[in-house]
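A short worksheet on the structure shown next.
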């Protein structure tokens, strides 16, 4: 009981830990929802090159996760911990590179390389923040219930971060009308019509400049929030070291640990299930702004529809935390993720109606909340199961978290690149006021049919996941006995040493 009371976290500690998850979600949501439409309609990058930027950036983002996990596993403990220094030093450089993503350089050539370099640079630096932050879950407390509670706090703040990312980016950018180009007309232009066209082009140029400035203002506000959240995390959370690791400063073998992790069955099955779930929601996130703008015809409302989804997700995180503690995490997966299917179908099947779209957005947000919470709540259970099977192997937490993120990001990068490329093949018109019928059909497939198929596949894979509530309780008891045995052994060694002295 004394040991459990020492491991309990205060509400303040949980909140400070949770706030650290906001920067990744705020920036990720802004990039996920708005980068594609920004590259196509504001920076005016060709759809083919935009698909290359999005694909390469996502794939590079995926590759950096195991790389950072490797370097973290080789990092020695400092007085600040092993994970905190990574968060501390990556923050200022991440903010600079994020701002430059939303800046349109005044260069005739090399624009594609500009966005590719700074997008990849930001993904690397935000990975240096997020991988150690994710692994920090295992070092704030050794009590499973406390980690689950802290994870619920974290997911609530992270979904709130997506709301902030959507609101800040959407509301600032939405105040400015991005000019679009209509179909050509007036085949026999007179002097007056030429003058009118020149006047319209001048107005479009000014409007486009205002839109670009709005994107940079939003980037500055989000960068300020990134710094604030990082400071709260660094000042309010203490990284705890496992007692079994106190006797050795030797870095663990990364490749030996990687081999053990990849041979752990529950981890592979959990990754496989959430891999397809993440793909479904990534496709929805990346194409929803275009779908609302062109297919549904809500050019001036899409940022508010996105905000409705994220607000709904934020408010339902506590419900899903209660649900998984009451009915179990596997049941929460089945109910939570499958609840998105009818609404993804409805948004495409029903006629374009703003009220219906808002209702569907709120309902879909409930499922988004489950998709946010459950992977990070279930991953610590897998790590506990691994520790029981390999009690002498320590320090592999960063490998578990980094490779989980690696697989989801890699496949998401491939899917997002293919989706943007498919829009190019369908005949997407940059800055067009309307799009061809093939583009509308492609967008419907990308936000409805494909995500529904991926969710159904993920639910089939979750049937193979072996850690149910009974198994989780047994692991908790066995791990607690193992730690008590380790602590009592350590105390006896100290007593023996004292008697010798």
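Placed from the backbone N, Cα and C atoms, the Cβ positions cover glycine too.
Positions annotated as transmembrane segment by TrEMBL: 15-35 (among others).
Sequence annotations record features per position, and here TrEMBL assigns transmembrane segment to 83-104 (among others).
Residues annotated as transmembrane segment in TrEMBL: 116-140 (among others).
Residues or ranges marked as transmembrane segment by TrEMBL: 214-237 (among others). Long-range contacts of the transmembrane segment (214-237) within the same chain: residues 12-13, 15-17, 19-20, 22-23, 26-27, 30, 34, 38, 42, 84, 87-88, 91-92, 94-95, 98-99, 101-103, 129, 133, 136, 140, 164-165, 168-169, 172-173, 175-176, each at least 6 residues beyond the stretch ends and with a Cβ under 8 Å from a Cβ of the stretch.
Beyond the ends of the transmembrane segment (267-284), by six or more residues, the same chain brings 32, 261, 333, 337, 340, 344, 368, 371, 374-375, 378-379, 382, 386, 400, 403-404, 407-408, 411-412, 415-416, 419, 446-447, 450-452, 454-455, 457-459, 461-462, 464-466 to within a C-beta distance below 8 angstroms of the stretch. For 267-284 (among others), the entry in TrEMBL reads transmembrane segment.
Beyond the transmembrane segment (304-324), the same-chain residues lying 6 or more positions past its ends with a Cβ under 8 Å from any Cβ of the stretch are 29, 33, 152, 155-156, 159-160, 162-163, 166-167, 170-171, 174, 288-289, 292, 298, 331-332, 335-336, 357-358, 361-366, 368-370, 372-374, 377. Residues annotated as transmembrane segment in TrEMBL: 304-324 (among others).
Long-range neighbours of the transmembrane segment (331-349) within the same chain, counting only residues 6 or more positions beyond its ends whose Cβ lies under 8 Å from a Cβ of the stretch, are 273, 277, 280, 284, 320, 323-324, 356-357, 360, 363-364, 366-371, 374, 378, 444, 447-449, 451-452, 455-456, 458-459, 462. Taken from TrEMBL, the feature transmembrane segment applies to 331-349 (among others).
The annotation transmembrane segment is assigned in TrEMBL to 355-377 (among others). For the transmembrane segment (355-377), the residues of the chain that approach it from at least six positions outside its boundaries are 134, 137, 148, 151-152, 154-155, 158-159, 270, 274, 277-278, 281, 292, 296, 298, 305-306, 308-314, 316-317, 319-321, 324, 329, 332-333, 335-340, 343-344, 346-347, 404, judged by C-beta separation under 8 angstroms.
Under the heading transmembrane segment, TrEMBL lists 398-421 (among others). Sequence-distant contacts of the transmembrane segment (398-421) (same chain, six or more residues past either end, CB-CB distance under 8 Å): 36, 47-48, 50-52, 54-59, 61-63, 65-66, 68-69, 72-73, 83, 127, 130-132, 134-135, 137, 254, 257-258, 261-262, 267, 270-271, 274-275, 278-279, 282-283, 286-287, 375, 379, 382-383, 386, 446.
Annotated transmembrane segment per TrEMBL: 441-465 (among others), in sequence order.
Across the compositional bias 'Basic and acidic residues' (476-486), DSSP classifies residues as 11 helix, 0 strand, 0 coil. Positions annotated as compositional bias 'Basic and acidic residues' by TrEMBL: 476-486.
The region 'Disordered' annotation in TrEMBL covers 476-501.
Non-local neighbours of the transmembrane segment (15-35) in the same chain are 9, 54, 87, 98, 101, 119, 122, 126, 129-130, 133, 136, 140, 150, 153-162, 164-166, 168-170, 173, 215, 218, 222, 225-226, 229-230, 232-233, 235-237, 282, 285-286, 288-289, 306, 310; each lies 6+ residues outside the stretch with a CB under 8 Å from one of its CB atoms.
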